[in-house]
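Annotated 3-dehydroquinate binding site per Swiss-Prot: E46, W47, R48, R82, R213, S232, Q236, in sequence order. For H143, the entry in Swiss-Prot reads active site, proton donor/acceptor. Here Swiss-Prot flags K170 as active site, schiff-base intermediate with substrate, drawing on sequence analysis.
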Amino acid sequence: MKPVIVKNVRIGEGNPKIVVPIVAPTAEDILAEATASQTLDCDLVEWRLDYYENVADFSDVCNLSQQVMERLGQKPLLLTFRTQKEGGEMAFSEENYFALYHELVKKGALDLLDIELFANPLAADTLIHEAKKAGIKIVLCNHDFQKTPSQEEIVARLRQMQMRQADICKIAVMPQDATDVLTLLSATNEMYTHYASVPIVTMSMGQLGMISRVTGQLFGSALTFGSAQQASAPGQLSVQVLRNYLKTFEQNK
């Protein structure tokens, strides 16, 4: 498996890289969080567009993305609009979802773009092609906030993402018990060991699944998400706590 190199960050090589989400509603707060991220011990920054109060103004989003990028320095920027069906904050039609993304690819500033696996496949494949031509890396993803699918299904979804030309394949699932957490970790190890040609990102959400966020280097997950202020998903740890855990596992692996 080859690492994905974005600016100076090598995703899929060494310890999992830490991503910090920006989940502020206003432009002022978004820019403040972007500036603050320069001093955080993180590797990438994700701007969650579905939290932004003016996301329906595509021109404004593009302009704001450029300002965010400027404030990040050498830290790569991942742009994500998480739909409500996969745990996002805002109702948004699929038509607007793709229209926003196309506008960002043409006029915005970003290094990576998050696209949901189960979005319209024809529209998604067109967007993937367009983004790759612009030098943007694609994170294909799936989030299940209700349950943990079987190990076979988790692996199948990750392989489907890879076949659709994802640069990074991501899945997040909700455990109901400890066995579900083990299912996610086993699926991660199976995918990483037998099938992955690109970096994969997996997590079991909530308090129960927290262990999956700090053991990526043991099972094969290349990114982990840590909060600076407000968490963007259940079970997310603060950046510093996350970094300390990653160092501990690195020293003892």
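Quick reminder: no glycine exception, Cβ is built from N, Cα and C everywhere.
Shown on the structure are the features that Swiss-Prot records.
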residue	record	Cβ contacts under 8 Å, 6 or more apart
W47	3-dehydroquinate binding site	P21, I22, I30, A34, S65, V68, L77, L78, L79, T80
R82	3-dehydroquinate binding site	R48, D50, G88, E89, D114, E116, H143
K170	active site, schiff-base intermediate with substrate	D114, V139, L140, C141, N142, M161, I200, V201, T202, L223
